[in-house]
Amino acid sequence: MVNKTLLLTYSYLLIYIILSSGVILYNKWVLSPKYFNFPLPITLTMIHMGFSGLVAFLLIRVFKVVSPVKMTFEIYVTCVVPISAFFASSLWFGNTAYLHISVAFIQMLKALMPVATFIMAVVCGTDKARCDVFLNMLLVSVGVVVSSYGEINFNIIGTVYQVTGIFAEALRLVLTQVLLQKKGLTLNPVTSLYYIAPCSFVFLSLPWYVLEKPNIEVSQIQFNFWIFFSNALCALALNFSIFLVIGRTGAVTIRVAGVLKDWILIALSTVIFPESTITGLNIIGYAIALCGVVMYNYIKIKDVKAAQPITDSLPDRITKDWKAKSSSDGESPRGIELIDEEAPLITSRLSHIGRTQLGTHTAV
């Protein structure tokens, strides 16, 4: 029984790693002018949002597989709308970065996610500045700077897009805790897609109309139904794989899987996209940043364990650990999360369990 359970757990982790890496590489291939040549990141993201929202609608309203939550107009306007706005922004900027910089360098920049979330949490008043966390954030930042300095094909535009997307995603994570969780609203993966995807689609339509619609009209853009359908399906499957991983593994396992995924993705991207060159300084910088991320993860996991009463029974500890993981906010100073930048649609309490980047965007 134990062996079967472990086998199932690691199977879910493997599926997550494959899907997460696959979605990132697939998006890069679709968007890159050197390959499929569909240089319209907002359009691609809107396809993902539309497909995800449609599937969620069918599951909730038509097949009634999942029950909708009690969503009032006030909660939707004051909570879902602003969260969707920053979510759409993170997807837009993150996907646009694929046009300018390599997948490997994007993964290295994503090491800044804990830094961005910590800063946003402090600014929004959901966490306090701590010396130990600050030093870890400083180490991560130094590592990213070193890695950027060693990037042969450094592009300031792509870097700005990616970093902006990271901070937009960090603010979304903080807003999720401040707005949704304080109102006691719990969204599972399907209801998250149902409420957030359509709203994000609307927000994305505004920059799409100004920036990409004219290009679609005047240029010969190829559209292959099966390419975009399979791409959107992979992104949707990634959301659900994250849900499965959250239910089967602990915080440490999730974070280790995230680090492993990042290294695998960096290696694969250099094989699939030969123009992506990794230098020794890239690796050194990313290793420094990774040390900061690992130390930060250790501090957060230790904080979660310290908050649990020693006298709790085993069932109580399991229950509290799940609640702690479920209510924590990703790479933020609030706990453990697993939100992949390629599938950030899961914004419920269940989504806040793991991320050293088990994390942007696409896109979902």
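Quick reminder: no glycine exception, Cβ is built from N, Cα and C everywhere.
Averaged across the domain 'Sugar phosphate transporter' (12-297), pLDDT in this predicted model comes to 90. Residues annotated as domain 'Sugar phosphate transporter' in TrEMBL: 12-297.
If you look up TrEMBL, you'll see 7-26 (among others) marked as transmembrane segment.
For 38-63 (among others), the entry in TrEMBL reads transmembrane segment.
Residues or ranges marked as transmembrane segment in TrEMBL: 75-93 (among others).
The transmembrane segment annotation in TrEMBL covers 99-121 (among others). Same-chain residues lying 6 or more positions outside the transmembrane segment (99-121) and placing a CB less than 8 Å from one of its CB atoms are 24-25, 28, 31-33, 39, 41, 127, 133, 136-137, 140-141, 143-144, 147-148, 151, 153-155, 157-159, 161-163, 166-167, 169-171, 173-174, 262, 265-266, 269-270, 273, 275-278, 282, 285-286, 289-290, 292-293, 296, 329-334, 341, 355-357, 359-360.
The transmembrane segment annotation in TrEMBL covers 133-150 (among others).
Per TrEMBL, the feature transmembrane segment maps to 156-180 (among others).
Annotation source TrEMBL lists transmembrane segment at 192-211 (among others).
According to TrEMBL, the feature transmembrane segment maps to 223-245 (among others).
The transmembrane segment annotation in TrEMBL covers 252-273 (among others).
Taken from TrEMBL, the feature transmembrane segment applies to 279-299 (among others).
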Contact between the transmembrane segment (279-299) and the transmembrane segment (75-93) (3 or more Cβ pairs under 8 Å, separation 6+): no
Recorded stretch, among 7-26, 38-63, 75-93, 133-150, 192-211, maximising Cβ pairs under 8 Å relative to the transmembrane segment (252-273): 7-26
Folded-back contacts onto the transmembrane segment (38-63), same chain, C-beta under 8 angstroms, at least six residues removed: 27, 30-32, 88, 91-92, 95-96, 98-99, 190-191, 193-194, 197-198, 200-201, 204-205, 207-208, 211-212, 215-216, 221-223, 228-229, 231-233, 235-236, 239, 345, 361-364
